[in-house]
Amino acid sequence: MKTLILLSALVLLAFQVQADPIQNTDEETKTEEQPGEDDQAVSVSFGDPEGSSLQEESLRDLVCYCRTRGCKRREHMNGTCRKGHLMYTLCCR
């Protein structure tokens with residue numbers, strides 16, 4: 001059940017990222033790595049604000065990052081992120 005919820009949330013996150021309009025500005029068309037680009041945090045939460053069985057400790061504390069060079073220790077790859085035309089690795093812990 002937890003795995004199904006986690007996978008559903010990640011699929012919804014992927015659809016949301018793809019639904020954002022692509023804006024080609026001068027900053028986004030540069031291919032060199034910008035400082036801080038390696039640690040772009042994405043917070044994922046589950047359930048309603050009043051609390052439910054979906055808001056267990058393990059699910060509420062899920063933190064994901066869009067990384068350029070792969071996942072760090074204690075993180076696992078959960079897919080890809082896209083910002084403009086650049087693709088990143090989605091790493092969660």
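Backbone N, Cα and C atoms are what each Cβ position is placed from, and that goes for glycine too.
Per Swiss-Prot, the features are:
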SIGNAL    1-19  signal peptide
REGION    22-56  region 'Disordered'
DISULFID  Cys64-Cys92  disulfide bond
DISULFID  Cys66-Cys81  disulfide bond
DISULFID  Cys71-Cys91  disulfide bond
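Counting only the Cα atoms, the space from Cys91 (disulfide bond) to Cys66 (disulfide bond) is about 6 angstrom. With a 10 A radius on its CB, Cys91 (disulfide bond) counts 21 other CB atoms from all the protein chains. In the three-state DSSP scheme, Cys71 (disulfide bond) is classed as coil. Recorded residues Cys81 (disulfide bond) and Cys92 (disulfide bond) have their alpha carbons 12 Å apart, per Cα-Cα distance.
Its Cβ taken as reference, Cys66 (disulfide bond) is surrounded by 22 other Cβ atoms within 10 Å in the chains shown. Note on the disulfide-bonded residues Cys64, Cys71, Cys81: the fewest other CB atoms within 10 A surround the CB of Cys71.
Taking the Cα atom of each, Cys71 (disulfide bond) and Cys64 (disulfide bond) are about 10 angstrom apart.
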